[in-house]
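Enquirer: The structure that follows is given in the form of C-alpha cells.
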Amino acid sequence: FCFSLRSSPLHSPETETLAAPPPVLHDGRRVTPRLHLRLRLPSSFSPRQICLILHSPTSHRLQLSPSFFPKSVPPQTTMATPFKNNYRCVPFLQQFYEGGAFVVSSDASFIACACGDSIKIVDSDTAAIRSTVEGGESEVFTALALSPNDKLLFSAGHSRQIRVWDLSTLKCVRSWKGHDGPVMGMACHLSGGLLATAGADRKVLVWDVDGGFCTHYFTGHKGVVSSILFHPDPNKQLLFSGSEDGSVRVWDLMSKKCVATLGHESTVTSFDISEDGWTLLTAGRDKVVHVWNLHNYTCKKTVLTYEVLEAVLVIHSSSDFASCVGSFSKKREETTASSEIYFITVGERGVVRLWSSESAVCLFEQKSSDVSTKMDEGNRGFTAAVLLPSNRGLLCVTADQQFIFYSPLETLKDDMSLIISKRLIGYNEEIVDMKFLGDDEQFLAVATNVEHIRVYDIASMSCSYILAGHTDIVLCLDSCVSSSGSTLVVTGSKDNNVRLWDVESKTCIGVGIGHMGAVGAVAFSKKRRDFFVSGSSDRTLKVWSFDGLAEDANKPVNLKAKAIVAAHDKDINSIAVAPNDSLVCSGSQDRTACVWRLPDLVSVVVLRGHKRGIWSVEFSPVDQCVVTASGDKTIKIWAISDGSCLKTFEGHMSSVLRASFLTRGTQLVSCGADGSVMLFTVKTEERIAVYDQHEDKVWALAVGKKTEMLATGGSDGAVNLWYDSTALDKEEALRKEEEGVLKGQELENAVSDADYTKAIQIAFELRRPHRLYVLFSELCSKNDSENHVGKSLGALGKEEFRLLFEYLREWNTKPKLCHVAQFVLFKAFSILPPTEISEIKGIGELLEGLIPYSQRHFSRIDRLVRSSFLLDYTLTGMSVIQPENDANDKSPFDIDMKTKTTDIKLLNEHSEPEDKALSKKRKSRSKTSSKKKAKGVAYTEVAAVPLVS
C-alpha cells in the first residue's frame, strides 16, 4: 500500500510506503488482516485540511474510523462535494416600477406599472413579471388605465399618443394623438366604451374606445388637470376632474356642460364616491377632506387632517375594513347614522388613518410608519392607495417604489390593527451587498443605496421586513448564527456606525460608534461567533465584541472596540475572517491585502502584486490561502505562510468586484463590473462557465453555506438566484440521449415502411439535416416526385419551415446538393402563401442567403440550355441524330441557311469564354481534327442535300 499525506492540494505530498501484512489461515480460511494507520498531528492541524490518497493494486477500500473525525465534523460532511459544471439563473428581484403611473386589475391579481419606456405586468402575489409592454425608446408613460374586463390596457405619455393594448397579445390595437401636452390621468367608463383623459394642457377629453375619436371636449380648468373619475353608477352620466388650481369640476356627459365647480385651496390629488352614489369626497394638498352633496353640490363637512393627502378611499360594506367599523361604533357607544361615511386617508406622514365623515374624528391611526419619512420634502410617505376587492385589504404605494399590502385585524379590545401581508419592491436602485439568512437560508438580506436593510423571503419573493435604524446608506452587511441559535446581522453604513441586529425580533441590539469615515466592510467570526471586524474609509480596522450581549434588549447597547489598527493607506473595501478565527484579512484601494492575527491585530503578511485596488478578499475553507479580486481584472490566490502568489485567474473584461470559494475550495465564482459571473476551477485555472444575466456592474455576491446557492445583485437593481444544475444537466442529457435513440429507431422504421412524411417530421425533431437531404433526394428520384415532396412539406409547421430554409440555404451553396435544394425550395414556395412566409422568423436573412446562389445556378443552367441547341444542331447536321418531325412543324433541314447562321451568331454572343483547361484540350486535338476536316465538310454537305425521290 502507498498513501500520500498533504496539508493542501496546492503543495506536493509527502509519500510513505507501508508493507501490507501477509495473508494468514484462520479456521482453514485465507484471511487478510487489517492495516491500522495511526496519525499523530498537531492540535492546530484540522482534519478538514487532510487529503488522504490510497493507491492499491488490488483496489482495497480505505475505511476511516469515526474517531478520526472531530465531533463537530461528522464523517458524511467530509466527503467530497460534487464538482459544479453549470448554474442556472432564476430572476428573483426585477425592476418593475420607477414611480408614477400604475393601475390595479379588477380582481387585484396583477398590477400594470410604468417602468421607464415599458409597462410591466406584475403578479400581485409573487411579484413575478408576467409580461412586458414595450412602448418605444423615447416613450415615458404618465397615465394608465384598464378596461372593466382587464383585457385592454390604455396608456399615454410624453409622446401625446393614446394607445390601446391587447393584454392577451401585447400588441397595440389602436392609437391616436390626444392632448397638446402630456396626459396626467386616465379613467375608463364601466361600459368599457368611453375613455376620459386629463391633460397638462388644462383640458378634459372623452374618447370613443372603438373608434378612437373624441366625443366630449371640456375646458375650464386654469391649471394642470391631475385626476379624473367617472361616476361608478352607469345611469349617472357624470365625470369629475381635479386640477392643480384647486378646483373640482363636475361634467354632465349628456349636456356636455360643467354642472358644478367645487373648491380646494391647493392641488386636488384624489376623490371617491360613497356607496349610495350621492356623496363625493375630495382630498388635496391643503390638508383637508371635503364631503360634498351631489344633489345640490354643497359641502356637507370639512375634515381637517393636518397632513398633505395623496389618496382618500371610501370604505364600502363589502370591504374587510367594514367589519372593523362596527367595533369602533361599539367602543364609542354611538349609533351609526345612515348618512355616515367611513373613509381612509394616506399621505406624507406614511401612516394609514380611518375617519368618520359625520364626526370628523380620526377613529384609527397607525402607531408608526412602515415607510421612510426622512426623504426630501414633498417626496416621502405614501403617494397613492387603493382598496382591493374580494377582502384583499389595502394597497399603499410609497415614494420609494414599495407596494405595501395591509390587512385589517380586529383585536380583543374592540380595536383594530394593520398587519403587512405582503411588501413588493418595485425598484431596488443599486444593490451593494447581500447575505443569506436563517438555518435553511430561506431569507436574503439586501443592502441597497438606502438607509435600511430589506429582508426578502426567497419562496414568496416578497420583502418580509425591513431593518431600519441607520441614518445614511448601508454599504455592507454580514450574517451568522449565534451560539444561542438566533440569527444575527451586522451592518456598516455611511453614517460611520456599525449596527448589530437580531433577526427574530427585527430590532437593533448593538451600535458601534467610533469610525471617522464610512464603514465599507464588516465580517463576523466564523467559529466562536462572539465578535465581528469592521473596516472603514478612515483606513482603520476594529474588532468589536458582543459576547454576553442580551439579544432581547429593549434598547441597543453601545459596543466597544477590543482592538484598533491603522491598516492601510487608502479605503478598506473588504474583510474576511479565517475559519478558525485566528486571522483576519483586509483588502484596500492601496492595491494590497494584509493578513492580521486576532485578537490583537498583529500584522502577519502583506500580499502585494495587484496593479489596482482590491475589492474582495476571502479565506479558503480548506487551505492556508486567501483569494483576492482586484480592479486590474484578475483574481489571485495567495499563500498565507510566505505571501506568495499561487494562482492567477483571468477572463474578466473589467474590474473583478467579488470572488468566493465553492466546492470545498476547489472552485471559484466571481462577478465583475462587466456584468458577468464566472466559474473557475482552482487546480487547472480553467474558466468553466460565463454568465451574462446583468446589465451593469455586479457589486454583490452571496454564497449559501449549505446549498451553495448563489445570489448576485448589481447596479441594474436586479437580484438573480443561481442553482447548481450539474446533476440536472446530466439527467437531461441522458434523457435526451434516450429519446434520440428511440426517435432514431422510429425514423428508421418509417423509412423502411416508406412513410417519408413521418420520417421527415422525425428528422426535423432530431435536427438531422443530412438525413433530411437523403430523404428529399429519394423523394425527388421517385415518379410523381412533386406530389410526394408537396405532401411531406404540407405536414410541417412554421418552426419546421424555418429550419428547412436554414438547411436549404446551406445545401444551395454546394453544387452537388443544389438540385435537390432548388426542387424542395420550389415546392415550399408553391405550398406556402406569401403572408405565411413573411411571418417566419428571420425569413429576410434566410432569403438573402438563398438568392445569390440561386441566381448563380440559374445562370449556369441557362448557359447549358443555350449550348445544348448548338450541340443538337451540329449533331443533326452530321446525321448523328435524327431530327424530330412533327406533323404540323417543318423539318429542321428546311430552315433557310441565313436563319441557321443567325442562330449560331446569337449563341456565340451569349456564350461564356471557355475554360482554360478545355481550351488547351481542344488545341491538343486540333491536329487530329484538321486531318478529318475535309472529310467532315464533304459529309456535311452531302447530308445537307435533300433527297429527291
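Each residue, glycine too, has its Cβ placed from N, Cα and C.
What TrEMBL records for this protein is below:
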type: COMPBIAS; residues: 906-918; note: compositional bias 'Basic and acidic residues'
type: COMPBIAS; residues: 919-935; note: compositional bias 'Basic residues'
type: DOMAIN; residues: 745-878; note: domain 'U3 small nucleolar RNA-associated protein 13 C-terminal'
type: REGION; residues: 6-25; note: region 'Disordered'
type: REGION; residues: 906-937; note: region 'Disordered'
type: REPEAT; residues: 134-175; note: repeat 'WD'
type: REPEAT; residues: 176-210; note: repeat 'WD'
type: REPEAT; residues: 218-261; note: repeat 'WD'
type: REPEAT; residues: 261-302; note: repeat 'WD'
type: REPEAT; residues: 467-511; note: repeat 'WD'
type: REPEAT; residues: 512-547; note: repeat 'WD'
type: REPEAT; residues: 565-598; note: repeat 'WD'
type: REPEAT; residues: 607-648; note: repeat 'WD'
type: REPEAT; residues: 649-690; note: repeat 'WD'
type: REPEAT; residues: 691-722; note: repeat 'WD'
Enquirer: Within the same chain, where does the repeat 'WD' (512-547) have neighbours whose Cβ lies under 8 angstroms from its own Cβ atoms, ignoring anything closer than 6 residues to its ends? I mean 6 or more beyond.
Expert: 472, 475-483, 488, 490-494, 496-500, 558-581, 584, 586, 588, 596, 598-599, 601
Enquirer: When you scan the chain for residues with a C-beta under 8 Å from the repeat 'WD' (261-302), skipping those not six or more beyond its ends, what do you find?
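Expert: Non-local partners: 220, 223, 226-227, 229, 231-233, 236, 238, 240, 242-244, 246-250, 308-314, 316-317, 339, 341, 343, 345, 355, 357-358, 360.
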Enquirer: Run through the repeat 'WD' (218-261) and tell me, per DSSP, how many residues are helix, strand and coil.
Expert: 0 helix, 25 strand, 19 coil
Enquirer: Sort out the residues at least 6 away from either end of the repeat 'WD' (607-648), same chain, that have Cβ-Cβ distances under 8 Å to it, and list them.
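Expert: Hits for the repeat 'WD' (607-648): 7-10, 48-49, 570, 573-579, 583, 585-595, 654-661, 664-665, 668, 670, 672, 680, 682, 685.
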Enquirer: Would you mind giving the whole-number mean pLDDT across the repeat 'WD' (176-210)?
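Expert: Per the prediction, mean pLDDT sits at 94 for the repeat 'WD' (176-210).
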